[in-house]
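These notes are about the structure you will find just below.
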Amino acid sequence: MSELQTTPSPEIRLKENISKKPETMTKIFWEKFSKNKLAILGAVILFIIIMSAVFAPLIAPYPQEQQSLLDKYKAPGLEHLMGTDKFGRDIFSRILYGARVSLLVGFASVVGSILIGTVLGALAGYFRGIVDAVIMRVVDIVLSIPDIFLLITLVTIFKPGVDKLILIFCLTGWTTTARLVRGEFLSLRSREYVLAAKTIGTKTHKIIFSHILPNALGPIIVSATLKVGSVILAESALSYLGFGIQPPIASWGNMLQDAQNFTVMIQAWWYPLFPGLFILMTVLCFNFVGDGLRDALDPKNIK
């Protein structure tokens, strides 16, 4: 007697395909991202830096403000891994605490600017007309002003401080995100699923945030990752010029400002070297991760 062969019904096969699709998309993303060795290296280094900043009070061998004039300009060694500064403060400890400030400014500023830019860009791209014209003219005006001039002007008005810097970067950093999101919405608003949602009477805010926005998240995530590195670099530049984070709060930028004396750079080379290396390494790692995410989230790579 021949064995009965059962085949799954079309409905069962459809359910199986639907349930497997998200897993397949995730797998494709990870395969693409993991092939970028620089992105993986950048992610690992960033994880170490972030964890070191979070647990700085447990890792730092000395309090960040502990001074010892007898240990002034002490070279790197077992007692002070990265040497000391002009007040005898341990540079390694100050770099760990400075990472907390620089990363806080970077992440908080990007979250705020991404939220503002996404909302305004979505409104401009979806409604077009007068809404689009007004928002884009504001974007053009802000982008027409040199970044460093605009930042220094706002810092002078609001006065330096961590919270003030975050606010300033939010107010100046949303424009590129708004332009990016607007472009995505202009290309997605005429898709079939959006037209179908309009036809059945779906509310406008639900179409924007539930139907269109999820399909524009890829470029937004990539932009946010790259912007963190840019904000950290800008904060360091402002602090180096004396317009950013002010002592006694440690940041990588004001540590470089303390070491800008030519004699210090020659005789105590470790003083400017290590803060500069951490700024460079962190910005590069964010760029590496951003490039990896851009390649992995490219729709051409997800079939």
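Here the Cβ of each residue, glycine as well, is placed from N, Cα and C on the backbone.
A quick note: this is a predicted structure, and the numbers were derived from the prediction, not measured.
According to Swiss-Prot:
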| type | residues | note |
| --- | --- | --- |
| DOMAIN | 99-290 | domain 'ABC transmembrane type-1' |
| TRANSMEM | 39-59 | transmembrane segment |
| TRANSMEM | 103-123 | transmembrane segment |
| TRANSMEM | 138-158 | transmembrane segment |
| TRANSMEM | 165-183 | transmembrane segment |
| TRANSMEM | 212-232 | transmembrane segment |
| TRANSMEM | 269-289 | transmembrane segment |
Message: At a C-beta cut-off of under 8 Å, are there same-chain residues at least 6 beyond the transmembrane segment (39-59) that contact it? List them, or none.
response: 33, 93, 96-97, 99-100, 103, 278, 281-282, 284-289, 291-293
Field: Considering the transmembrane segment (165-183), which listed stretch of 103-123, 138-158, 212-232, 269-289 counts the most C-beta pairs under 8 Å
entry: 103-123
